[in-house]
Amino acid sequence: MVRMTAVCTAKTVSPVPSTRKELKGAIAELRKKLNAVILAHYYQDPEIQDIADFIGDSLELSRRAASTNADVIVFCGVHFMAETAKILSPEKIVLLPDLEAGCSLADDCPADEFAAFRDKHPDHIVVSYINCTAAVKAQSDLICTSSNAVELVNQLPKDQPILFAPDQNLGRWVQKQSGRKLTIWPGRCMVHETFSEEALLKLKIMHPEAKVIAHPECLENLLELADYIGSTSKLLEFTEISSCTKFIVLTEPGILHQMKLKNPKKEFMDVPGIDGCSCNECPYMRLNTLEKLWSCLSTMKPSIEIEEGVRQKAFIPIQRMLNMKETQEASEH
């Protein structure tokens, strides 16, 4: 069982600074005083990205969490990311600005149901996408991210059956790219499943010179229309090295902030959700705000706590991922 608790203190909290400038200044002061590091995912609001020490995808942020010298990690993302930081750095205080910042994909894979599913396939190695709870990670043999899923699967023995969880769209894409047959848990991301194919086709007609870039959590019919598929960090990298000056982006639009900063002369368009709704934004990622970031540094809560037995079991497949990735990188040099 995983506990996510708010650790109470008797500390008196000052009023919230009244201007954005004062708020950012107060956050910077607290960060220095507490020897804290602020990690932010690409899907966070731009003003949080701008104040973060490091911005990245799940793999990059996992590495930062494992190697930081800070005493306090503030994870501006969702709770499975903060859990991962705590798993890798149990001696650190790990704060999440809003404890309600969950994940529909992680919620789609309850630990008890996953255990029953895994027990039906005892000969399979369990590869779990990092977008899952600590309790599911603890039942896994190897953790992957969308950045490294294909290459990690390719490193596994060819005769080894593989169970992949929890994202079925990513699983299908990994299966196609690797040529490996995967037994796939039927989970999905509420954001990446809501992009409108009709809206995408209209954008392609209006901007025939634009390249469509997509995250592999998208539905297969949308991936078939993409010119390039990759994780958030790889999508960002592609926009920098491509000679194309216009992109249609199929992932959570928070990434557009970094794309525009790194490519000020290029144009980026996000794809609306079905029926033109704004559901292409992750409601959980958007729960974190500068005010909540300041508050968690001021009060040192909410903090992430994980039962040590679960943490130790979850650490093994994450560390295995990091070791496999490092081994491959070393062999390429």
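Every residue gets a Cβ built from N, Cα and C, even glycine.
Within Cys282, Cys296, the residue that Swiss-Prot lists together with Cys103, Cys189 for binding [4Fe-4S] cluster is Cys282.
The candidate list His41, His79, His121 contains one residue that Swiss-Prot assigns to the iminosuccinate site with Ser58, Tyr129, Ile130, Asn131, Ser146, His215, Pro216, Glu217, Thr232, namely His41. Cys189 ([4Fe-4S] cluster binding site) sits 10 Å from Asn131 (iminosuccinate binding site), taking the Cα positions as reference. Cα separation, His215 (iminosuccinate binding site) to Cys282 ([4Fe-4S] cluster binding site), rounded: 14 Å. Ranked by Cα separation from Cys103 ([4Fe-4S] cluster binding site), the binding-site residues His41, Tyr129, Asn131, Glu217 are led by Asn131. Spacing of Tyr129 (iminosuccinate binding site) relative to Cys282 ([4Fe-4S] cluster binding site) is 18 Å (Cα to Cα, whole number).
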